[in-house]
């Protein structure tokens, strides 16, 4: 569509700045085909109202170039985000209320048992105060080891990866020898197999260590710029520690009150709201407590992850730009994770918690059954559930970065993150990154240390009644593992956020962290060419 021009080819001025439309005049002299035409007729377009969309924004636009209903979620750090997956947040709060009610009931009745003088007969059958002190010791050991592990990663990032591999390999071999000497052959064979695989992985993955070292240095460097990230991790660890202690007391009290043999051993059973001595009741209570522990721990870990991812993404996209990094990025990110994105955090954590409970029940069934074929089937089912859980946690971890940046719902984040990573080809770089593997090895290492402490405590003192040694060792492992997982989440979150941001805007990495950009370009030339 042509527009009439004024004198000297300049457009005339109209009131209000609006250019009226005039139909073109007839062309009797066929001037359109005149190659010497002075003023070619070019279509006039209004100036763009916004910059071109990013990769993720283009994924949510239709063929006609218009945003769909979810386009509002594609604004980075939207100042007015919407509440996402609100139902999951409400369900989590209701579950937390149920846990508090059960805890109050169990602890009140346990106190009544102590006052009645019938606790001695109960403690001979089930768990007792010695178990509580043991698990509290595990909490303290897990806390100290986690702090030492993180401090080592910050001070010696390049040696962190190699050192973790070597220490883990030596520790697993030592554990295997210990269990052989103790004639615990099934555990000895299992740990020996793990030690063999870790030894082989160390030699297979050595060429990938330089790249992972650069990535770790980058994450640690950003962590040093934002010291408040350590406060976020410490807050998560503090909440996890308090909840673990509370859960331990509740778990022990529930066994003292509702375990059938302990219930029958009491001289009277007139405690309020305890009911009859039924085995089904304690099974339901234990399953609920396990589910509550897994779900709440996952929510705490994910909250730390989403908060940390928001800070790393803020630095990635705004560092070196005219507007610069906004003030108090950690506080802003924590606010979003605690309000509008909390439902998405609860949703993803709920799925993982359900799988963890199923896996724990299958493992318990495999250990308690007397049928070898049944034990084998339960063990195989446990392995399958464990694999599904690992895949889900893998996707969730990167998807929550989208939650932190754009405030998307959980389902949107999983779908869009996978599309983004596959289209950019970043999955090869993610697979070659050893940081996640090293942190997982560290968590297993801390968990095994606390489990070993639990085992030695029970064997030496012999004051845990009822033959609950496997249960006590298992609880000790869970506590240590969760402690290290919380502290290592800063490093893992920074690494995952860097990958997702790299897939969306690779050139921003060249501006903020040129060393890492050059390492990726040299190690993965095909990805650099695609940029």
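Using N, Cα and C of the backbone, Cβ positions are placed for all residues, glycine too.
Features as listed in TrEMBL:
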{"type": "COMPBIAS", "residues": "29-42", "note": "compositional bias 'Low complexity'"}
{"type": "COMPBIAS", "residues": "43-54", "note": "compositional bias 'Pro residues'"}
{"type": "COMPBIAS", "residues": "62-75", "note": "compositional bias 'Low complexity'"}
{"type": "REGION", "residues": "1-76", "note": "region 'Disordered'"}
{"type": "TRANSMEM", "residues": "86-111", "note": "transmembrane segment"}
{"type": "TRANSMEM", "residues": "131-153", "note": "transmembrane segment"}
{"type": "TRANSMEM", "residues": "160-181", "note": "transmembrane segment"}
{"type": "TRANSMEM", "residues": "187-208", "note": "transmembrane segment"}
{"type": "TRANSMEM", "residues": "229-259", "note": "transmembrane segment"}
{"type": "TRANSMEM", "residues": "279-295", "note": "transmembrane segment"}
{"type": "TRANSMEM", "residues": "302-318", "note": "transmembrane segment"}
{"type": "TRANSMEM", "residues": "338-361", "note": "transmembrane segment"}
{"type": "TRANSMEM", "residues": "373-395", "note": "transmembrane segment"}
{"type": "TRANSMEM", "residues": "434-459", "note": "transmembrane segment"}
{"type": "TRANSMEM", "residues": "471-492", "note": "transmembrane segment"}
Proximity verdict for the transmembrane segment (338-361) and the transmembrane segment (86-111), three or more C-beta pairs under 8 Å: yes
Seg_contact(the transmembrane segment (187-208), the transmembrane segment (471-492)) with at least 3 CB pairs under 8 angstroms, min sep 6: no
Cβ pairs under 8 Å between the transmembrane segment (434-459) and the transmembrane segment (229-259), at least three: no
Stretch with greatest number of CB pairs under 8 Å, the transmembrane segment (471-492) reference, 86-111, 131-153, 229-259, 302-318 candidates: 131-153
Contact between the transmembrane segment (302-318) and the transmembrane segment (86-111) (3 or more Cβ pairs under 8 Å, separation 6+): no
Long-range environment of the transmembrane segment (373-395) - Cβ separation under 8 angstroms, sequence gap at least 6: 351-352, 355-356, 358-359, 362-363, 365-367, 414, 417-418
